[in-house]
Amino acid sequence: MFTLAEVASLSDIQPTYRILKPWWDVFMDYLAVVMLMVAIFAGTMQLTKDQVVCLPVLQSTVNSKAQPDTSGKADFTTVETTTGQEEASMRTVSFGNAPTVTPDIPLSRATSSQYQPTESGQELKKEQKDSSGRKTNLDFQQYVFINQMCYHLALPWYSKYFPYLVLIHTLILIVSSNFWFKYPKTCSKIEHFVSILGKCFESPWTTKALSETACEDSEENKQRLTGAQSLPKYVSTSSDEGSPSASTPMITKSGFKFSADKPMIEIPSVTILDKKDGEQAKALFEKVRKFRAHVEDSDLIYKLYVGQTVIKTVKFIFILCYTANFVNTISFEHICNPKVEHLIGYTQFECTHNMAYMLKKLLISYISLICVYGFICLYTLFWLFRIPLKEYSFEKVREESSFSDIPDVKNDFAFLLHMVDQYDQLYSKRFGVFLSEVSENKLRGISLNHEWTYEKLRQHVSRNAQDKQELHLFMLSGVPDAVFDLTDLDVLKLELIPEAKITAKISQMTNLQELHLYHCPAKVEQTAFSFLRDHLRCLHVKFTDVAEIPAWVYLLKTLRELYLIGNLNSENNKMIGLESLRELRHLKILHVKSNLTKIPPNITDVAPHLTKLVIHNDGTKLVVLNSLKKMTNVAELELQNCELERIPHAIFSLSNLQELDLKSNSIRTIEEIISFQHLKRLTCLKLWHNKIVSIPSSITHIKNLESLYLSNNKLETLPAAVFSLQKLRCLDVSYNSIAVIPVEIGLLQNLQHFHITGNKVDVLPKQLFKCVKLRTLSLGQNCITSIPDKVSQLLQLTYLELKGNCLDRLPATLGQCQLLRKSGLIVEDHLFDALPSEVKEVLNQDTSIPFANGI
């Protein structure tokens, strides 16, 4: 047999699972324990006490004789039976009601002793002592024999096995109740859920988040009491024109509002979250996210719980049905016919079941317990099917807290939360904190502010090429509050910060004029937007999808420069973001790096006031360019990497164009250059990194051209027409196949920069050194064998590249180039070392003062 402790351990569930046991499961566990005690009690009594007691039923026959005992102490009945042999005889004697079998004795003596009255007990004992034979106590063995046989023959089976059935049924019910805690497919999820739930409940972050919610609620009540008259003083002082509408994606912060001319007031934290608690909370957010993704895709736990509840209900109905039929079979009296007359002499016995009364009471108690158990099972089924348990809504939690973004969950995740609600709804409320992205962002913000202090941020501030103070923040969880205390910052770069939030404190950064948002869809508060609208001049936005462009960008009416880098040509985007460019009335420079097939019509909305348009197309062929004609005020136009094969005709209508850059295209011929004569203001033409093989003579019509870039093409000669451009100050023909520098180069008296690196030049014409205004001369990677002494005529030369030629020596006259220094002389070391010492001393002099004077 099992001990009580061993049996009770079957229903022993870990204390941590108690939060998943609703009241009916707990009640059924207690009922199962009571039923278990009933089974053990009944079984113990049945094992320790006599089972049945049987006595023979006397029958009147012709052979039986009765002799009453005058003394009333004994009743003698003698029945003689003889076998086939005369010498063998057996006498059966009944004393009172107890028959005994004695050994054979002489008949005469037995008869005389039978009919002689006994005077006293001593005489009887004396007579018995005189009788021959061996005493064996066969009367006791007969009773034991009959009791055992009648226990199995006369007693109903239910009376015999009732305690064991109760035990088996109870164990099945206990196993059914706890199977979902033990089944491998479900117990792992349950253990994980209970572990996470307990940590979330006890996490300091949960207490802090809910406490801040309480603070915010109290502040909202104060705002309601103060009335609407206090609101105008928090409104931005900027003009009402262009103020964001209700649909503008701003952050309207409940509670305190902030103004641009007042310091931001923060609600004091109720609790202090140290770094360790913050790390644990962040780990909890990650665990909850992964657990939700793992559990929400199935409903196995729900189905298993429903299944075990159905099994318990069916079990209850089965027990009740068959048990009710056997209640009346448990009785005190039973008639037994063992068919052992040849051994005993009696055919019928009357037996008493001394446990019948107790077993009947226990059975009635057991039926009562089963009925209560069954009604609870039926209620459980009603609860399981009454509401959709595979859906769970945090609507009540969202209403009571500031975390309005807590998502609804489904399947097993929802069912587990429903079970937890039966234990205590406070668990779900505290657990919902870790499903909220707002809560997670708040935690990240606190951790971020702990890590990125004002001193640390100050160390990351640097000076850029424009000598402006710049701060670049990369891959942070948010924007630290201390950033807005850097009041002297000029440029702020935010890269890969998906939860960037610009608060009203940015109004302290009065020097901020340039903002970079690289894959950073930043959100701004209303006061912060008012400040940016009035102060921001340059904005860089890098994105993957156009939806990443913050909508408030299109409302920055004072914005001068806008740089958009990302995909604008996908079917999902359809350039919807550029529809609002018409609001940028002060925009002067628009830089688009994308994969356009045509210039978006929306760009023409800003055409009247646009002065510079840059399109870098990343190799996608730009086909439709007709909208360029509307940009009459554009002074600088760059169409780079657009797979253009010819110069677009739409460009010839841009009468105010001053600089044209067609870099990295597939242009082979530039015969259309004759039409540039209508562009009276064109001063810079960049046709580099193309496939141009020749320069047409019509280039002479571009009278005002000052810079011509033709590097990285396939030119073999330089036509004389190029040298008729008297205003030309910069000529770059590097990395072509030019073998000869024409002598007409001496006509370019205003030439200051000449680049012919990477060609096949072997001789330098003396006329080159008549260009006395040359400051930069790049002659590297050619076949030049000598440098004429007339190089000394270039008194303004500051940069001379000669590396990669076939030079044996350098002319000593280099020392007469007053502004040339060693840092500006790009040549092999051995050639420099071969110069006279006095020349090297001149080239090694300090360059700061003479160079400044030369400029």
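The backbone N, Cα and C atoms fix where each Cβ goes, and this holds for glycine too.
What TrEMBL says about this one:
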DOMAIN    1-381  domain 'LRRC8 pannexin-like TM region'
TRANSMEM  27-47  transmembrane segment
REGION    64-133  region 'Disordered'
COMPBIAS  78-100  compositional bias 'Polar residues'
COMPBIAS  109-121  compositional bias 'Polar residues'
COMPBIAS  122-133  compositional bias 'Basic and acidic residues'
TRANSMEM  161-181  transmembrane segment
TRANSMEM  363-385  transmembrane segment
DOMAIN    677-756  domain 'Disease resistance R13L4/SHOC-2-like LRR'
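Non-local neighbours of the transmembrane segment (27-47) in the same chain are 1, 4, 7-8, 11, 21, 162-164, 166-167, 169-171, 173-174, 177, 312, 355, 358-359, 362, 365-366, 369-370, 372-373, 376-377; each lies 6+ residues outside the stretch with a CB under 8 Å from one of its CB atoms.
Within its own chain, the transmembrane segment (161-181) has Cβ neighbours under 8 Å at 7, 10-11, 13-14, 17, 20, 25, 28-29, 32, 35-36, 38-40, 42-43, 46, 187, 190, 301, 304-305, 308, 311-312, 315, 319, 330, 359, 362-363, 366, 373, counting only residues six or more beyond its boundaries. On the 0 to 100 pLDDT scale, the model's mean across the domain 'Disease resistance R13L4/SHOC-2-like LRR' (677-756) is 93. Away from its own ends, the transmembrane segment (363-385) comes close to residues 24, 27-28, 31-32, 34-35, 38, 162, 166, 173, 305-306, 309-310, 312-313, 316-317, 319-320, 323-324, 327, 330 of its chain (Cβ-Cβ under 8 Å, at least six residues beyond either end). Secondary structure counts, DSSP: the domain 'Disease resistance R13L4/SHOC-2-like LRR' (677-756) has 17 helix, 12 strand, 51 coil.
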